[in-house]
Amino acid sequence: MRVRIGLTLLLCAVLLSLASASSDEEGSQDESLDSKTTLTSDESVKDHTTAGRVVAGQIFLDSEESELESSIQEEEDSLKSQEGESVTEDISFLESPNPENKDYEEPKKVRKPALTAIEGTAHGEPCHFPFLFLDKEYDECTSDGREDGRLWCATTYDYKADEKWGFCETEEEAAKRRQMQEAEMMYQTGMKILNGSNKKSQKREAYRYLQKAASMNHTKALERVSYALLFGDYLPQNIQAAREMFEKLTEEGSPKGQTALGFLYASGLGVNSSQAKALVYYTFGALGGNLIAHMVLGYRYWAGIGVLQSCESALTHYRLVANHVASDISLTGGSVVQRIRLPDEVENPGMNSGMLEEDLIQYYQFLAEKGDVQAQVGLGQLHLHGGRGVEQNHQRAFDYFNLAANAGNSHAMAFLGKMYSEGSDIVPQSNETALHYFKKAADMGNPVGQSGLGMAYLYGRGVQVNYDLALKYFQKAAEQGWVDGQLQLGSMYYNGIGVKRDYKQALKYFNLASQGGHILAFYNLAQMHASGTGVMRSCHTAVELFKNVCERGRWSERLMTAYNSYKDGDYNAAVIQYLLLAEQGYEVAQSNAAFILDQREASIVGENETYPRALLHWNRAASQGYTVARIKLGDYHFYGFGTDVDYETAFIHYRLASEQQHSAQAMFNLGYMHEKGLGIKQDIHLAKRFYDMAAEASPDAQVPVFLALCKLGVVYFLQYIRETNIRDMFTQLDMDQLLGPEWDLYLMTIIALLLGTVIAYRQRQHQDMPAPRPPGPRPAPPQQEGPPEQQPPQ
């Protein structure tokens, strides 16, 4: 009985297994008919140890296979093709060949380009582009077999890994992708025109392309166009439109947009001023890596603007920016930027601003064409570095240096060597040619050539590395005062290259190079003071040096752009650019922005806000040591511009300008306040003292001081009269005791002598006058021509 029951159970189990196998086979056939690209289950991907990753449509593998090409095994010439078999079964056959098949040969490995799927989606819509799978084109993708319902289709197939998969894109995503491709093309076209031409008409055309790209939400184009609208660069100035773009960029996480929005809130342009919001946006911009935001935060922490003053925080921000600036320094040097102060230019019209007049430039060009070597070298340097009203132009610099070098000028040879050593679009980089020019210049004793030759031996450019020769040439250049030689000597002593490490010698040569204005010398000194290497650590000194380096970055070129805008009469564009640079800590920009606001030349600032904003920037410029700004602060408090009248505060600012900068104007003002008793007790003697000090401090103050002293004498006399009783003075006066008992006779004699002298002088004057001549006959009146008189009838 038990045996029968066991057999019955066994028979039932066999029947159930057969029924299950039949249903699985039918399901597999149905699935194969629905889609030939569907995997039977998600386990086929999950079970692989070398599963790949798909990010934004790009394929990333964790295996050792190449990203660009994958080695796949070629299919056999004929695959078993039966109507009920699925693609998965074919793949399984190829992945696991029958070991018992003796005729089976290992497939040969071939190289095929890896196709990449375009974008991705998880929405489940069918894709609308043909894709390749097993060398066949298909028009559909499917989400079958995926728990997340995401579309997938194979773009290439790896028979070992079975895991290279791409995602299809929807029609909407495809349209967006095509739009972004068009926007990128517009952006690249605009940037090519913008960087390749100096003509304003072509730059305006470039911004038309950038505007089209910006309208398609191209991030970089939006950044360019928004700043152009803010500054009025080749586009009409529109602060509101710029603000809207900055807000859009900020929502997308653009550091440039965040920094610009912080600037608008800090300056109150297009929005209500809010230093708190400005600080937030500046912080986000800095976290995103924007260097201008780091500069702004560095200055704010250094000066304590809106935050607690912190030297270490300022050092962190400034050092980060200085690292970028120092790494961007080239051998030939960047463009030269003049820091022109508008108040000084107005107060002293004859002052040399450093800008060359067009007539003078043309005169030098005329001399250079006539063969004047000095003019050729001078123009070459002007065009190499730019500045002083001359645009940077390496082609012209190369041509002028060539002319002078052919004439035997060592300076021109050395600069040609620098241009070849650095390389550019105009001059191809060539160590051999650079070495040739450096040697010729060094043999003639030129320090620039000696320094260049030292660089060649130091870094092995065209020659074998030789530290002894490098040290020799750097010393020769440094002895002649060439800053590059001094800098490199300092670096060799600092790092112990070719010499024994000596921080004192390094500090000495870095100081010498910094006196010549070398940016890297400032940078190296800042590093030494920040770390306390060779010197006592000084955060304050390090911050000041790093700040100096940061202000030599490429963004400093906007100082000249703002100055040119001011000279062209575009005061709104000038003041906005100066305000942005003022936020970065440029003292020149702070004083110039305050000056434009003080003159009420910018219409974008309301009349009620002009003086308060000017006062703010005068204050920041004064804290950086600008004398005129300190005197302006005294004037604003004296007259009540942008603040209440406060004579005591005005007196403090004048005294600071007098003691720290020895300003004659401040001394004169202190004398006046002592004379009038404004903000301090009246003291005529101290007033005279300050007037005298002003006359000694400046020859220009002598005439005003003389007039002030005359007035002071009258004031002193009147004050003496008020304090003295005149009647009592004459009553107490004893003439007999003062002049003697016969003082009246002396007085009468003196009066008689004076009268006699006057009478004699008048008589002599009368005798010297010539006698009057008798009047001559009167001339006859001119005859009038007319008709003859008619005789009366008789």
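Any Cβ shown, glycine's included, is placed from N, Cα and C.
Looking at 277-297, 739-759, the range tied to transmembrane segment in Swiss-Prot is 739-759. DSSP assigns Asn272 (N-linked glycosylation site) to coil, not to a helix or a strand.
Comparing Cα positions, Asn272 (N-linked glycosylation site) lies closest to Asn608 out of the glycosylation sites Asn217, Asn431, Asn608.
If you count neighbouring Cβ atoms within 10 Å for each of the glycosylation sites Asn195, Asn217, Asn272, Asn431, Asn608, the highest count belongs to Asn431. Cα-Cα distance from Asn195 (N-linked glycosylation site) to Asn608 (N-linked glycosylation site): 41 Å (rounded to the nearest whole number). Sequence-distant contacts of the repeat 'Sel1-like 6' (410-446), counting only residues of its own chain at least 6 positions beyond either end whose CB sits under 8 Å from a CB of the stretch, comprise 330-332, 373, 376-377, 380-381, 384, 394-395, 397-398, 400-404, 452-453, 455-456, 461-463, 473, 476. Cα to Cα, Asn217 (N-linked glycosylation site) and Asn608 (N-linked glycosylation site) are separated by 38 Å. Secondary structure counts, DSSP: the region 'Interaction with SYVN1' (643-723) has 67 helix, 0 strand, 14 coil. The largest share of C-beta pairs under 8 angstroms with the repeat 'Sel1-like 9' (519-554) comes from 291-326, of the ranges 255-290, 291-326, 447-482. Listed by sequence, the residues of this chain that lie at least six past the ends of the repeat 'Sel1-like 7' (447-482) yet keep a Cβ under 8 A from its Cβ atoms are 331, 410-411, 413-415, 417-418, 421, 431-432, 434-435, 437-441, 488-489, 492, 497-499, 509, 512, 516.
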